[in-house]
Amino acid sequence: MRSNGCGDLREQNIDQQVQLCGWVDRRRDHGGVIFIDLRDRSGTVQIKVDPDLGAEAFAVAEHLRSETVLQVAGKVRARPGESLNDKLATGAVEVLASGIIVLNNVKGNLPFPVSVHDEENTREELRLRHRYLDLRRKRMNDNLRLRAQTIQAARRFLEDEGFIEVETPVLTRSTPEGARDYVLPSRVCGGEWFALPQSPQLFKQLLMVGGIERYYQVARCFRDEDLRADRQPEFTQLDIEMSFMDQEEILQLNESLICSIWKAVKGIDLPRPFPRMTWHDAMERYGTDRPDTRYGMELTNVSDIVKDMGFKVFSGAVKSGGAVKCIAVPGGNDALSNVRIKPGGDVFSEAQKAGAGGLAFIRVRNGCEIDSIGAIKDNLSDEQKQELLSRTGAEPGTLLLFGAGDTATVNKALDRVRQYLAKELGMVKADQDNDQWNFLWVVDFPMFEFNSEENRYEALHHPFCAPNAEDLSSDASQWADTLPGARAQAYDLVLNGLELGGGSLRIHDSALQRQVLQTVGLPLEEAQEQFGFLMDALDVGAPPHGGLAFGVDRMVMLLAGEESIRDTIAFPKTQQARCLMTNAPGGVADKQLEELHVASTWVDPSGEDD
């Protein structure tokens, strides 16, 4: 039906007869001559319809609407000098139409314009409801092609490194791995349920036991959790596992993988090696295990300086086992007024959103004099002032913002404020479209964190991470005592403040695996019922193994310069886990429920029947 793509025509095609197919992007009537911008996935080209050269084509062109599907025959010619368009790849040429065939018309009004000239003005709800139309837009088309290029680049690298792609089951059993499972009732096995996999974690470990040695998969995963801009109920991860490799070898190989992807997709040579930081240092210096290292404003712990001062908010926090930390905002004196920092202000509100009661502040003036409001200034000795200035490195014009309270809340609040101010003050661009790629390995995570509400330990990553041998007693009878404080041989790759992927070395000893499951509160009988197959596999000569999984949706979001993974997925869900286009999820017939041996207990809170 066509000889060329619309966006492929160049000066070397001049005088060629071509056939093009595509959609009408725009139509312009210039007093007897009609111009059509014809668009397909390759781009857009200008069609000139002159009644003297094609009366029938002109008659068709007079009544065309945007998004009408056309086949156009004509001759490529150079555009006259005054009509050259350097914003288009095809801007040096146009096609003189000799024939136009309408392949399909648009019936009724379009829900929104598709043309690149109008695409930024459409509400996301409309875009998702009519996703098939939204996908015609250049931005979405480019994103999906970039996604395909990313996956292809990963496959090429991994296959060159001896990995093989293996599919793992989508229907499996529910296990306590972390997030809530999506579960499906079994019709054949009444009263029993499948679960959709949150990750292929156990299956890829079993593949290592099976001697596969190097596995990868572009895996679909499912988690029934609260959503946000970079989460979906169903998502894709590049899943990798390998045997007979230590942590250093795994990190190096995955650095090479990332570098090959960035080179193939962006044409960028990333600097290596990627920096590394321990989890403890990340939390102390940035308040998060996903630090954005493109800018400064690191957190400074000043608890020891203010622990005895008369300002009870500070001294009380330290005495109760918490912390006082601050961030130094360069140029903050001029950029941030008191109104913005005090209650009701935007900066104050960011701290509150993270659970903090608020912020305290000090302004560093010329001559390194400090200025504050009320009790802070009045209760700081000259020695404490100098210690604060020395430790924070604050210069004149710097604003010091303080958080005080339990350490976790202080970290969370100052991390949020830090990220907010970096965008507000232009330290990073407000969107992800930038040329800064600050990769960072975060290593030495704790194995566990204590859940005070449930009075038990929880695995920080998952209960299959191997502990650091330095932190584990060689006497197995001591494991119950030494495991809670152990570091995991786990690692996350962070890019510009977002977790790009994470993994660990795995436990390959069944006795240690049982002890870890007991540490997270799983009784031996339940552990055997849930994970007996894994324990049996570890007992038949499981090799040392480890791996990593990258979030494909998030990786493509960063590569594409988007703010939401929804713009990198063909048919995403909303933050309410709904597909607005198909109206999923939806109800099912009573007969289907009967066949599945399931009854619904749902009561509509509105009081209306479904």
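Indices start at 1 and increase along the chain as displayed.
Keep in mind that glycine also has a Cβ here, set from the backbone N, Cα and C atoms.
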Residue in Glu284, Glu499, Glu594, Glu595 which Swiss-Prot records at the ATP site where Arg223, Asp224, Glu225, Gln232, Gly551, Val552, Asp553, Arg554 also bind: Glu499
Candidate ranges 201-204, 277-280, 317-320, 489-492 [criterion: Swiss-Prot lists as region 'Aspartate']: 201-204
DSSP three-state assignment for Arg554 (ATP binding site): helix
Where Glu499 (ATP binding site) sits in the secondary structure, as DSSP reduces it to three classes: strand
Residue counts (helix, strand, coil, in that order) that DSSP gives for the region 'Aspartate' (201-204): 4 helix, 0 strand, 0 coil
Segment-level pLDDT (mean, integer) for the region 'Aspartate' (201-204): 96
Top Cα neighbour of His30 (site 'Important for tRNA non-discrimination') in the set of binding-site residues His461, Arg506, Arg554: Arg554
Local Cβ density at His30 (site 'Important for tRNA non-discrimination') - other Cβ atoms counted within 10 Å: 8
Other CB atoms, at most 10 A from the CB of Arg506 (L-aspartate binding site): 25
